[in-house]
C-alpha cells in the first residue's frame, strides 16, 4: 500500500486492500464448507451438527478525517468494475446441512389396550360364566342325587367365601386389581344366591332374617369396595341385594320396602369422600321403583305412604347435607324427582283427599328446603344443580296438592290459581329466575282454567249459575297476571317488554270479567241474575274506558307505550260497545252504558287536548326581550 498521493488516493488504496482480503476470506469459507459436507457424507453414522454460517464481513474502518481546508472525500462508491468495489467471486452452492431427525408421533393405542379394557371385559364375562357353571353344577348334583338341600347351601356358602378370600389374595399382587374385582363380584353374587335359596326356595329362615343376611353381605361388599377404592364392586354389592329383595319378598311387600329403605340409608356413608354417582343410582332407584308399585297397589296404603315419605325425607336430607357440608357427598339433583315419586303416588292413591293433599304439601316443603339450602353457582354441572331441579319438582307437587285438594270439584280452579299466585309473589319478592319459570308454567296452565270461566262471562243464560268460586278465580287471574308482568320486568328483562304487555292485557281483560261475574252474583241476590249480568257488562265497558283515559294521561307525562295502549283499549271498548253491548244489553243498562261511555270519550278528548296544550306550553321558552348576538369579528389568521 502506497502512502504517497492525495488523501483520496490513499482511501482508494485502503479499499482495494480490504476488498482483496474479503475475497480471500470468502474463498477460504467456501472451501471449509465443501470439506465439511464431504466429511459428513463419508461418515458411517451421520451425526447431528449445527451448520456454521458464513463469516460476516467486518465493517470497513472509518476513514481518517481530513484536515481543515482539505477537499471532502468522495461520498459514493464507484460503479461496478471501478477501483474500490468489493465483488466476491462466484462460488459453487454448498451442500445443504443435514436436518435433525424429527420425533415420531406416538402410535394410536387400540381401544382394547386402553385402561385395561380387555381385563375388565374378561372379568365381567368370567363372572357370568362362573355363576352359570355353578348353577349347572348344582343342577347336575341335584339330578344325580349327590347333594341334599343342606349340602347345597353349605357348598354355596363355602364357594362364596373362597371366591372373596381369593379376591383378597389376588388384590395384594401387582396388577391384580381387575382379577380381584371379578372374583369378589362372583363371590358376592354366589352369597346372594345362597341367601335366596335359604329364604325363598327352602324357607328355612324367616324373611326378615334372610334380608338381614343379605344386608350384611351388601355392607361387607361396600366396606371392601371402599378399601379397594372400587365403585364397581360397591355397585355390584348393592345392586345385587336390591334386585334380589323384591323377588324374595314379593308376598311381603311392606317388609321388603322397609328393607330397601334401610339399605339405601345404610349404604349412604360409603359415598363420603367419593363421587360415586353410580352407587347412588344403585341404592336409590330400586327402592324408589319398588315403593312406587307398593304405594299404588298395596292394600295398606297408610304404611306404604309412610315408607314413601321416609324415603323422601332420607333423600332430601342427604341432598341438603351434601350441599351444605363440603366433606359429605354431593347428591345427584336428577334423583330428587325419583325419590319424591313414591310419596306422590301414595298421595294420589290414598282415599282421603285431604290426606293426599297433605302428603303433597309435605314433599313440596321438603323440596323447597333443599332448594334454599343447596345454593349452587353457575359452574355446577346440570345433573348436580339441585335448586333448579328441586323447584321444578316442587312446582309439580304443588300442582298435585291443588288438584288433590279440589278433587275435581268447583273449588279446584280457585286452589290452583291461589298456588300459582303464591309462586308469582315468591318470584317477585325473591327475584329468583327458576321460581319465576315455575310461576309462568302455572300461568300457562291457568289459561286453560280461565277458558272454563268464559261461558259464565259471555253467556247471559248462565248468569244464574255463577258461584262465588268463579268470582274468586277470576280475581286471582287478574292479580296473577299483573304480578307476573312486574316480576318479569325485574327478574327476566330479556323477556320484556313483549311478555309483560301480554300479561297486562290479560289482566285488564279479566278485570272486565270480574265486573261481569260480580254483577251476576249481585243480580242473584236481587232475584234478577240476568239484569245483574247486563249491568256487569256495562260496567266492564266503562272500566275499560276509564283505564284507557288513565293511560292517555300517563302518555302525556313521558310514557312511550301508554298512548298506543290507551288508544288500543279505547278501540276495544268501542268495538265491545257496538258489537256486543248493543245486541246483548237492553233497557236502562244499554242506555247508561252508551251515555257513560260517550261522556267518558268526550271527557277524554277534552282532557287530552288540555293536557297536550299544557305540556306544549311548559316546553315553550318564556317570552321576553331577545338579545341579538353581536356580529363576530374577523377570525384571526391561522397558520
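Using N, Cα and C of the backbone, Cβ positions are placed for all residues, glycine too.
Feature annotation from TrEMBL assigns region 'Disordered' to 43-108 (among others).
The compositional bias 'Low complexity' annotation in TrEMBL covers 43-53.
The compositional bias 'Pro residues' annotation in TrEMBL covers 54-108.
Annotation source TrEMBL lists transmembrane segment at 121-144 (among others).
Residues or ranges marked as transmembrane segment in TrEMBL: 150-170 (among others).
Look at TrEMBL and you will find 177-195 (among others) tagged as transmembrane segment.
Feature annotation from TrEMBL assigns transmembrane segment to 201-225 (among others).
Among residues of the same chain six or more beyond the transmembrane segment (303-325), those with a C-beta under 8 A of the stretch's C-beta atoms are 253-254, 257-258, 261, 264-265, 268, 284, 287-288, 291-292, 294-295, 331, 333, 335-336, 339-340, 342-343, 345-347, 349-350, 359, 362-363, 366-367, 369-370, 373-376, 386, 390. Among the features that TrEMBL reports, transmembrane segment is placed at 303-325 (among others).
Positions annotated as transmembrane segment by TrEMBL: 332-350 (among others).
Under 8 Å from some Cβ of the transmembrane segment (411-430) lie the Cβ atoms of residues 395, 398-399, 401-403, 405, 436, 438-439, 442-443, 445-446, 449, 452-453, 469, 472-473, 476-477, 479-480, 483-484, 486-487, 490-491, all in the same chain and six or more residues away from its ends. Here TrEMBL flags 411-430 (among others) as transmembrane segment.
As annotated by TrEMBL, transmembrane segment applies to 437-458 (among others). Only residues 6 or more beyond the boundaries of the transmembrane segment (437-458), in the same chain, are considered here, and those with a CB under 8 A from a CB of the stretch are 391-392, 394-395, 399, 413, 416-417, 419-420, 423-424, 426-427, 465-466, 470, 473-474, 477, 480-481, 484, 487-488, 503, 510, 512-513, 516-517, 520.
If you look up TrEMBL, you'll see 470-489 (among others) marked as transmembrane segment.
Outside the transmembrane segment (501-522), and at least 6 residues removed from its termini, the chain residues within Cβ reach (under 8 Å) are 443, 450, 453, 456-457, 463-464, 466, 468, 470-471, 474-475, 477-479, 481-482, 484-485, 488, 529, 532-537, 539-541, 543-544, 547, 561, 565, 569. According to TrEMBL, the feature transmembrane segment maps to 501-522 (among others).
Positions annotated as transmembrane segment by TrEMBL: 534-553 (among others). Packing against the transmembrane segment (534-553) from elsewhere in the chain are residues 460, 508, 511-513, 515-520, 522-523, 562-563, 565-567, 569-570, 572-573, 576-577, 580-581, 584-587, 589-590, 592-593, 596-597, 600-601, 603-604, 607-608, 611: each is 6 or more residues past its ends and has a CB under 8 Å from a CB in it.
The feature transmembrane segment is assigned by TrEMBL to 588-609 (among others).
Residues annotated as region 'Disordered' in TrEMBL: 616-639 (among others).
For the transmembrane segment (201-225), same-chain residues at least 6 beyond its ends with a Cβ under 8 Å from one of its own Cβ atoms are 149, 153, 164, 184, 188, 191-192, 195, 231-234, 236-238, 240-241, 244-245, 248-249, 252, 255-256, 259, 262-263, 266-267, 270.
Sequence-distant contacts of the transmembrane segment (332-350) (same chain, at least 6 residues past either end, Cβ-Cβ under 8 Å): 277, 280-281, 284-285, 288, 291-292, 294-296, 301-302, 304-305, 307-309, 311-312, 314-316, 319, 356-357, 359-360, 362-363, 366-367, 370, 374, 383-386, 388-390, 393, 397, 400-401, 404.
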